[in-house]
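Here is what TrEMBL records for this protein:
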ACT_SITE  H202  active site, proton acceptor
BINDING   G36, C37, G38, D39, V40, G41, D61, N122, V145, A146, N147  NAD(+) binding site
COMPBIAS  1-10  compositional bias 'Polar residues'
DOMAIN    31-169  domain 'Lactate/malate dehydrogenase N-terminal'
DOMAIN    172-333  domain 'Lactate/malate dehydrogenase C-terminal'
REGION    1-20  region 'Disordered'
Amino acid sequence: MDPNSKTIPSSAAPPEKNRGEVMAEHRLKTSVAIIGCGDVGSTLAYTLVLQPICSEVILVDPKEDLLQAQVRDLGDATYRGQTGARVRAGTHKDAGQADIVVITAGAKQKIGESRLSLLSRNLHILSSIFQAMSPINPNTILLLVANPVDILTYFARKLSGLPESQVLGTGTTLDSARLRGILAQKADVAPNSIDAYVLGEHGDSQFIAWSSCTIGTSPLRLALPQVSDPAFKKDIADHTRGAAAAIIAAKGCTAYGIGMVAASICKYILFDSRTVRPLSFYQPELGCCLSMPAVIGRKGIIKKMPIELDESEQKNLEECAGNLRAVIDGAEKEMMADEQLRKALEADKGS
Ligand SMILES: NC(=O)c1ccc[n+]([C@@H]2O[C@H](COP(=O)([O-])OP(=O)(O)OC[C@H]3O[C@@H](n4cnc5c(N)ncnc54)[C@H](O)[C@@H]3O)[C@@H](O)[C@H]2O)c1
């Protein structure tokens, strides 16, 4: 290379290190940035550190005292035991360079509040996060946890500019884990012998894909004959849908279940495990993000996994997508009005 040629130094390669050194460092380090280190973010960080799933956890939160305290407290969990993971505080800009960026920042539900009611506040937070992270590492995988997770996943895809396959939400993975738990109890088998998915919205319009549930290789109607009773199915669906509200009413948040679910998804990505889970990602034919089964690996959503839905499940899916689409349309109108107001105020200032 001509030593006199002027090249713009890449932000990923500081001048004192040669390219080989930088690449080796990148190969050795696996980093997960967590935006928002409240109840969910810190529980996720703890789970990542204990397993361990990555070599570095970067925490970001505007509450400086909370951030420093979480880093110190989590750091204390790394000085004994088997983990080699390090925890540090970072800026939004640092976070945007991580292998995975998990977004747990935002308002949470108060007792009796629905997830959708958080939209306006959390959409503003989301948009400020992307402004602060820019320019984001083009290989980053974005994992949305903040609610309403399906709607925020849809907007994160637009605001980040990342390919569709790299933007996903935890979606109904947690609801499906709850479903697995309750079916395991009813059938008296281990939860990991159950394949059963809650699909659609991580919210009130979710539905259970009953027709494809299996225990071992047996269809549910053979392994758990009570499912032929509609009241039995309704009880289970109500329990799965209402689990978060019941926990929030008693302790103010849910953290352990989602912490484990989000950490597992980080593991599937970093280990390129090709695990199938119901995740929230963009469904072009429905015009929104919602949960359907997908294969997940190092590049995010590797592919959609086909699932057979019966007539009523297909109807549930379409209704669920219709609800989400209506919320997205409303939010898009609100964003457009905000943008017009901002431009008008700027023009006023200039005149
Ligand atoms: N998807 C799921 O299954 C699931 C499960 C549980 C909770 N949640 C959602 O996760 C979110 C977080 O819940 P929580 O209990 O941890 O709330 P929390 O209030 O304890 O923590 C949220 C944190 O986000 C921080 N924050 C706000 N703006 C930020 C910004 N711009 N950058 C970085 N951090 C910022 C706050 O300072 C706060 O510390 C909520 O929206 C909740 O509904 C989702």
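Note: Cβ is positioned from N, Cα and C throughout, glycine not excepted.
Curation plays no part in TrEMBL annotations; they are all automatic predictions.
What TrEMBL annotates, mapped onto the structure for a quick look.
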residue : record                       : Cβ neighbours (10 Å)
G36     : NAD(+) binding site          : 24
G38     : NAD(+) binding site          : 17
V40     : NAD(+) binding site          : 27
D61     : NAD(+) binding site          : 22
V145    : NAD(+) binding site          : 28
N147    : NAD(+) binding site          : 27
H202    : active site, proton acceptor : 27
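Residues listed for NAD(+), G36, C37, G38, D39, V40, G41, D61, N122, V145, A146, N147, cover a largest CA to CA span of 17 Å. Secondary structure at G38 (NAD(+) binding site), as computed by DSSP, is coil.
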